[in-house]
Structure formats: C-alpha cells, structure tokens
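Structure first, then comments.
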Amino acid sequence: MSTLSNFTQTLEDVFRRIFITYMDNWRQNTTAEQEALQAKVDAENFYYVILYLMVMIGMFSFIIVAILVSTVKSKRREHSNDPYHQYIVEDWQEKYKSQILNLEESKATIHENIGAAGFKMSP
C-alpha cells in the first residue's frame, strides 16, 4: 500500500513540476504591473486548481464516453428477429399493401356541412 501512496505522491509531484515549469516559462516577458499582479496570484497558489480541473474534465469525458459506448452497444443488440420489431415492420408493410390494393375501391365522396347551409356564396 505504501508503494501506491508513494506512486500517487510521485505522480502529483511530477504533474505539479510540469505545470509550474510551464506556467513560469509562459510569463517571461512581463511589465512591472504584471509582475505585481503575478505576485498576488502566486500568493494564492492556483497550482492545485489546474490539477482539479484536469481531474474533473477527465471524469466528465469518461462519463460521456461510457454513455456513448452503452448507447452503441444497446443499438447493436436490437435484432430484426425481435417480435416487437417484426410487428412494426409487418404492420407497415401490410398497411401499404392494403392501401395499394384497395385503390380501385376508393370512390370520391362529397361531405356537406349542414350547419353552413344558411350561408350563401357570392357569385
């Protein structure tokens, strides 16, 4: 267990050194005002904030990837032999076949609105 805690501590130190070096090299050319502001920021120690953000973004990415993978896997499990799927496929096919076959039987019908019989249309 001590090797795991040492590994964790070592990993944290490595990340911290990398980010401190990056951030220090990033702000080489500064003015006096920027240096004064940087002294205030250095006093607040934001190094752990970057590590925290990396962990949170990593966890969020892991959750999103897990949701996408589970969705893809569930879509693959949907087979065409599924009874519900077959019912829908056959139902739509039969509906369209019956509509095509019954085209000769369809007749034009006129519906009259009896309530509107009192209104006269202008010529």
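The chain as shown is numbered from 1 upward.
Heads up, the Cβ atoms here are built off N, Cα and C, so glycines get one too.
In the three-state DSSP reading, Asn6 (N-linked glycosylation site) counts as helix. Within the same chain, no residue at least 6 positions away in sequence has its Cβ under 8 Å from that of Asn6 (N-linked glycosylation site). Residues or ranges marked as N-linked glycosylation site in Swiss-Prot (evidence: sequence analysis): Asn6 (among others).
Positions annotated as N-linked glycosylation site by Swiss-Prot, on the basis of sequence analysis: Asn29 (among others).
Summarising the annotation, Swiss-Prot assigns topological domain 'Cytoplasmic' to 70-123 and lists sequence analysis as the type of evidence. Across the topological domain 'Cytoplasmic' (70-123), the model assigns an average pLDDT of 67.
Sequence annotations record features per position, and here Swiss-Prot assigns transmembrane segment to 49-69. Taking Cβ pairs closer than 8 Å, the transmembrane segment (49-69) reaches residues 12, 15-16, 19 in its own chain, all 6 or more past its ends.
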